[in-house]
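Enquirer: The feature transmembrane segment is assigned by Swiss-Prot to 16-36, 66-86, 88-108, 129-149, 160-180, 191-211, 228-248, 255-275, 280-300, 329-349.
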Amino acid sequence: MMYYLYSHAGINIFQYITFRAGAAFFIAFFLALLFMPRFIQWARNQKAAQPISEFAPQGHRGKANTPTMGGLVFIGATLLASLLCAKLNNLYVLAGLAVILLFGLIGLRDDAVKVLNHSNAGLSSRVKMLYLVLAGASVSAALFYFGMEDDLYIPFNKNPLLSMGIVAILFWTLVMVATSNAVNITDGLDGLATVPSVYALVSLSVFVYIAGHAGLSSYLLWPKITDSGEAVIVSAALVGALIGFLWFNCHPAQLFMGDSGSLSIGGFIAYMAIISKNEFLLFLIGSIFVIETVSVILQIGSYKTRGKRIFLMAPIHHHFEVKGWAETKIIVRFWIIALMSNIIALLTLKVR
């Protein structure tokens, strides 16, 4: 809507992505601050709290009545801010909003099952995976159909490794499903997934803006993805909404994001990596998500093959809890790792 004040009323400042991204950030931030307390009160009245797993560390027992599904609020804030500030006829805006909405709805279904059944077990892993694959494949197929570049790039190389063709749909789907699950796994402590997600989105927004800017992409030898820069507005809105959510999610959390939040965040982070041609650099940008996921894979693999556990508990943040680390210490140290990883990722811009 804001862009059309430029195209129809001639208000020049509204043509700039940077201005509209800033506006989207603050709109989403204040919407989250405004509606989050109301949602918390409503969720408490409805007893919409996710039951704590019997296998969780002892310290988690005190979180038993904390409301969940906070993702609904920051998804809503993101969508509204994006609708107000972004060009709604842009492929990359529409696809990004579709990712947030589809993955958020899958997470909402999972959250609802947990709350209604008073159980930590939501949708079966097979059903949830099927939904995620269908959502990821739908968006990936749309991107491919409408001409999204299918070249695969690796860090530090200005030339594409190969052209994936229709296989790009499978690859992009894999990236979205894997990343959404990785963020979901990480979301186990207050604010642990929120801040690394903000770092990742900020870094990826820089890459997407460069990819959509003819001058910058040429200067930095970065793949040019025409019109992709508009997706930065959606990303800025999500960052603003997440910071508003963090106000209530920091330790001790008044609200959890739930699967509705973590799956939508993970799906959108993957989407931003895909349209900026950073699928492999995502391992560095999302280092905390990778570490958490690998710890689970190693734990399961070791137990099934050797009958022994590598960690005291997985994901690895629980390992440190069992070792006696304070929750806040684990969270802040993981934030530091995420910050350093994203700084390094941004430095790769000049290494081509």
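Glycine too: its Cβ is placed from the backbone N, Cα and C atoms.
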Enquirer: List, by number or range, the same-chain residues at least 6 past the transmembrane segment (66-86) whose CB is under 8 A from its CB atoms?
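Expert: Distal contacts: 1-3, 20-21, 23-25, 27-29, 31-32, 35-36, 39-40, 43-44, 48-50, 93, 96-97, 100-101, 104, 107-108, 111, 114-115, 230, 233-234, 237-238, 240-242, 244-245, 248-249, 253-262, 264-265.
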Enquirer: When you scan the chain for residues with a C-beta under 8 Å from the transmembrane segment (228-248), skipping those not six or more beyond its ends, what do you find?
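Expert: The answer is 17, 20-22, 24-33, 36-37, 40, 70, 73-75, 77-78, 81-82, 85-87, 90, 92-93, 95-97, 100, 191, 194-195, 197-198, 201-202, 204-205, 208-209, 211-213, 254-255, 257, 261, 265, 268, 271-272, 275-276.
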Enquirer: Could you give the residue numbers and ranges of same-chain residues that sit at least 6 residues beyond the transmembrane segment (16-36) on either side and whose C-beta is under 8 angstroms from one of its C-beta atoms?
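Expert: Same-chain contacts beyond the ends: 2-3, 70, 73-74, 76-78, 80-82, 84-86, 205, 209, 212, 229-230, 232-245, 247-248, 255.
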Enquirer: Report, as numbers and ranges, every residue of the chain located at least six residues beyond the transmembrane segment (280-300) whose Cβ falls under 8 Å of a Cβ in that stretch; write 'none' if there are none.
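Expert: 153-155, 175, 178-179, 181-183, 185-186, 192-193, 196, 199-200, 203-204, 207, 266, 269-270, 273, 309-311, 314-317, 319, 334, 337-338, 341-342, 344-345, 348.
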Enquirer: Can you tell me which of 129-149, 191-211, 255-275, 329-349 gets the most C-beta pairs within less than 8 Å of the transmembrane segment (160-180)?
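Expert: It is 129-149, which has the most Cβ pairs under 8 Å.
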Enquirer: Counting only pairs 6 or more apart in sequence, are there at least 3 Cβ pairs under 8 Å between the transmembrane segment (191-211) and the transmembrane segment (255-275)?
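Expert: Counting Cβ pairs under 8 Å, at least 3, so yes.
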Enquirer: Six or more residues out from either end of the transmembrane segment (255-275), which same-chain residues have a Cβ under 8 Å from its Cβ atoms?
Expert: 36, 39-40, 43, 50, 66-72, 74-75, 92, 95-96, 99-108, 110-111, 122, 132, 135-136, 139-140, 143, 148, 172, 175-176, 178-184, 186-187, 193-194, 197, 200-201, 204-205, 207-208, 211, 225, 228, 231, 234-235, 238, 242, 245, 248-249, 281-282, 285-286, 289
Enquirer: Looking only at residues six or more beyond either end of the transmembrane segment (129-149), which have a C-beta under 8 A from one in the stretch?
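Expert: Here the qualifying positions are 91, 95, 98-99, 102-103, 106, 109, 123, 166, 168-170, 172-174, 176-177, 180-181, 223, 225, 263, 267, 271, 274-275, 277.
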